[in-house]
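Following: one structure in structure tokens, then a few remarks.
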Ligand code: SF4
Ligand code: SF4
């Protein structure tokens, strides 16, 4: 039974020789490829190239020093408490006599670690810090690595580096471990 009279009987046209050789389809495909080849690329060669970042971008953390090069962090743990991803761990220690040039407060972070695989770069640690010790940098991201362990950033990679030539002027006395960590950090920046 025919419901409407709109049906149309189609006849299958025989293909031309060019169509049978797929030539128009190949040329159309090549045209699309060429158009995209010369058009502006949507991708970049990360990590060699970086996209311009917003000034409010929250990237890799840095543990700041004060104006005379001492570590600001007093290992109070407020950043770790504020962190929703539980990415921060630290061990607090007491500053010894003679270390006044190294640590600003009587208590300091013997170790301080951030797991960048857990971190969601929310910036709450920065807001919670009463000592203006931790900041998320606007122009730096955690670079890509191949091993999971390499995403755990310790003090050697988090503490703001000091210019070794300015160290004597500032009167900073580094322990051998700190000097070694600093040298590793500076070598990594070259
Ligand atoms: S940026 Fe957010 S998630 Fe990352 S360590 Fe700080 S508080 Fe935790
Ligand atoms: S970074 Fe700031 S909030 Fe975190 S332990 Fe150090 S002083 Fe406290």
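Including glycine, each Cβ sits where the backbone N, Cα and C put it.
Some features that TrEMBL has for this protein:
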BINDING   73, 76, 79, 129  [4Fe-4S] cluster 1 binding site
BINDING   83, 119, 122, 125  [4Fe-4S] cluster 2 binding site
Among 79, 83, 119, the binding-site residues in the record, which have a C-beta under 6 A from ligand 2?
-> 79
So which binding-site residues out of 73, 76, 83 are up against ligand 1, CB under 6 A?
-> 83
In three-state terms from DSSP, label residue 129 ([4Fe-4S] cluster 1 binding site) for me.
-> coil
Distance, residue 122 ([4Fe-4S] cluster 2 binding site) to residue 73 ([4Fe-4S] cluster 1 binding site) (CA atoms, angstrom) | 19
Euclidean distance between Cα atoms of residue 79 ([4Fe-4S] cluster 1 binding site) and residue 119 ([4Fe-4S] cluster 2 binding site), Å | 12
Filter the binding-site residues 76, 79, 129 down to the ones within 10 angstroms of residue 122 ([4Fe-4S] cluster 2 binding site), Cα to Cα, kept in sequence order.
-> none
Most Cβ neighbours inside 10 Å, all chains, among the binding-site residues 76, 119, 122, 125 | 125
If you draw a 10 Å sphere around the Cβ of residue 79 ([4Fe-4S] cluster 1 binding site), how many other Cβ atoms fall inside it, taking every protein chain shown into account?
-> 25
Integer Å value for the Cα distance linking residue 76 ([4Fe-4S] cluster 1 binding site) with residue 83 ([4Fe-4S] cluster 2 binding site) is 13
What are the non-local neighbours of residue 83 ([4Fe-4S] cluster 2 binding site), defined as same-chain residues 6+ apart in sequence with CB under 8 A from its CB?
-> 119, 124, 125
Which chain-mates of residue 129 ([4Fe-4S] cluster 1 binding site) that are at least 6 residues away have a CB under 8 A from its CB, listed by sequence?
-> 78, 79
C-beta crowding around residue 73 ([4Fe-4S] cluster 1 binding site), within 10 angstroms = 26
Give the sequence-ordered set of same-chain residues, not counting 83, 119, 122, 125, with Cβ within 8 Å of the centre of the Cβ atoms defining the [4Fe-4S] cluster 2 site.
-> 79, 82, 84, 85, 87, 88, 114, 120, 121, 123, 124
What three-state secondary structure does DSSP assign to residue 79 ([4Fe-4S] cluster 1 binding site)?
-> helix
